[in-house]
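Scroll down for the structure; my scribbles are underneath it.
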Ligand SMILES: Nc1ncnc2c1ncn2[C@@H]1O[C@H](COP(=O)(O)OP(=O)(O)OP(=O)(O)O)[C@@H](O)[C@H]1O
Ligand SMILES: [Mg+2]
């Protein structure tokens, strides 16, 4: 227990007014835990769009009190910090109890949309669930989580948000000593699939019910009226997960560690570790260097999403009441995933209708992309500039392919398909540019920002965030951020080290 925390007694000057819905759950769900103070913290960056969601003005980040709160050095009035318990399946194997080993929930605050947002400090020190860990997160992984959370939100993909990063010169030992940081994450709830598995595998069905009732009342209130609210919860989470997987696939996002403890009960992208965006298209690409079997390879994500929903279904079975009802709730996954992916891919190709042979056109496209190692993001963006009656305008797109003749043959079919629905170049390009991002968080861009930040220059973090906040805009002044990765980036590896 820390004794040197300055706990504010009045709330009049507080920028954040905390309530503590999750802390209201009985004791076994969490352990009250103060953050461990972060020595001499400094603001690395703050996301103004995340701040807006909880009514913070840009000037708020000039407040020393706020920086101290976001460092875990000061407990805001009303906040009851805690670490939550959960378990999970890691790489397909039951891992037993995990829990917030380095994340501390401060409580929840009012959100501009009328709801509530929980604020959680990731990297705020050891908790009873830290096991062998030091409770810290390094600046490197914190910048990656911060930038990608905000980039995904701007891409329209459900995600936890990142309000700010504070850094410190305090070191943590990873492959080498690295400086530490704390990211303030925001989400309506951080409950995970593994939070339910925890009570199921500990045979505590009362606690399981308490948690399910809490989640339904707080985040799925419309399900309270269902005949079987627990079955309805599983069905809804399954649908959200299926849609999330389709959104990941459509933008080429790879999570890297899809363990059930990293799956959000709200269908949000959660825990940005060794993630990546697909560059040279390879459907079996593994973004996590630690995942040698490729369990979480790009093309495995949809089926792993389903597997994870089964794990949740198993945990909810005692509440749902029968295997049949549980299976029924899970059964929609494939169709929901397929329909969403179809919708997204059609939009990416600028196709307004769905036709019987579209699968062939898409399969042929992906096969060509794979054969030529075509950059995923550049391909779709440049495809938007294709003109129906001017093959010369294809040059930048065509240049991405090693086999130009094969591309030309495909482009002929694509043009014919577009003409079938009287597609118009200008409006199609507008639509495609609004769903095919020009800018994604390529690993080398994050790496460049990280290396500068490690030398106390945070300007590249700021600049990248600003670019990624408008991923669909041309931003010609930043065009080099949309280019192919440089040669030095080929050797970049991301692992679970964080
Ligand atoms: N440095 C650390 N100190 C203590 N616990 C850790 C540390 N790193 C990871 N853990 C714990 O190990 C488990 C699995 O880690 P994982 O990398 O999935 O999560 P994480 O990145 O810490 O957090 P989150 O899922 O909240 O984003 C979690 O229980 C996590 O809290
Ligand atoms: Mg995790």
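The backbone N, Cα and C atoms fix where each Cβ goes, and this holds for glycine too.
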ATP site partner of 99, 101, 102, 122, 134, 135, 192, 271 (as recorded in TrEMBL), chosen from 116, 185: 185
Minimum Cα separation from residue 262 (Mg(2+) binding site), reported as the residue among binding-site residues 102, 134, 185, 271 that achieves it: 271
Diameter of the ATP binding set by C-alpha atoms, the set being 99, 101, 102, 122, 134, 135, 185, 192, 271, in angstrom: 22
Listed binding-site residues with Cβ under 6 Å from ligand 2, out of 99, 102, 134, 185, 262, 271: 262, 271
Cα within 10 Å of residue 261 (active site, proton acceptor) - qualifying binding-site residues among 99, 102, 134, 185: 99
Other CB atoms, at most 10 A from the CB of residue 102 (ATP binding site): 22
CB contacts for residue 185 (ATP binding site) [other CB atoms within 10 A, all chains]: 27
